[in-house]
Amino acid sequence: MQHFSKKSSHMEQQKTTTNPIYTTPFMHRERSSSPGPTRKAAATQTPARSQMVRKHSTDSLLAYRTYQMDDPLAAAAVVQGQKAGNTLPSVAKTGKPVGAAATSTSLGSPVDRAKRFDANGRTVTRPASRFRDLQLYKKPLQIHYGDYESYRSDMKRKVEVQKIAGLDGMLGIHVLSGQGLKSSRTTLRDLYCVVAVDSINKARTMIRTGAVNFDWDEAFDIELEEAKEVSFLIYNWDPNFKHRLCFHGSVVLPNYIVSGENKHVALKVEPKGVLYIELLYKKPAISLQRLPSAKKNALFGTDLDVVISRENSGFDVPLIVKKCIEEIEIRGLEVVGIYRLCGSARRKSQLRELFEKNSADVNLSVEFVTDIHTIT
């Protein structure tokens, strides 16, 4: 018996000195011998209390520069905030903004403040976390639902339009928001919308993260040639697998849109949900009209000889042409359909304003202009 008591005391001493389980900071917690109850509690958790978990694709988005700012001014504000040490409101696992008080108390030590953790427990760098928080923290678009006309595509319209001539000209498409895009899972998803004319892809939005509602708020100017139907295909982005088509809908153009009229459409997509879009059609006589600029020393709307002489760069073409061609040659083989897809109308307008101010100072590298279709 004495020998047995010595052996038992020796084993207790060994547990507290050599076994890592008993030397961790959490040694005051009792470890459960069976994981059965834990699994049962998670399985019986009610949907109202279940937490939405961000998918791994969000981190891959950051690596592919998908979360670059739409507005350069907003991006500059974030960079200035990083230098000044300011912080954006945090976002909890549920994707909802957390108050400022909760943000200041959630990360205590300087070491903790240097890191952020996603829902899967992985470390996220501060810039990546800022871009993610800003994208999720954006206020929902203010849509006046009464101004939008409900539209559902049907086979009867598609059959009738085959006997009618298509439309030529320019179609301005503003993809605002997709709402009610529910899924069987309650996880955050990364969706983007592809715009196709007569089954040919013409444009695509950036990827937005959400659960049910997705605000894209992007506009495109698409040239039409005997066009009869414009389709909207919403895909789920995934870094490892083929992108899956989740929702789709289409609008038959002839006998529905009128030149010069801004059409507000609440397109019902299959299998469920509504896509809010705006359509503005212009006939070729209007879309191809070129008027001289009324601004002094303007770049667009001015004769080429005048621009070349004013820039005095030593080239036989304006600087905007030279810079765009050089950047396209650098990135031309990296993107499929480089001249087939059109870029965002908003980003093209921003780039145009920069060239109007000073063509020599415009930087078209991938760090400043992430989408090559904006240049093409």
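Cβ from N, Cα, C; glycine included.
Features of the protein shown, as given by TrEMBL:
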type	residues	note
DOMAIN	151-269	domain 'C2'
DOMAIN	302-376	domain 'Rho-GAP'
REGION	1-55	region 'Disordered'
DSSP helix/strand/coil residue counts for the domain 'Rho-GAP' (302-376): 43 helix, 0 strand, 32 coil
For the domain 'C2' (151-269), DSSP counts of helix, strand and coil? 7 helix, 70 strand, 42 coil
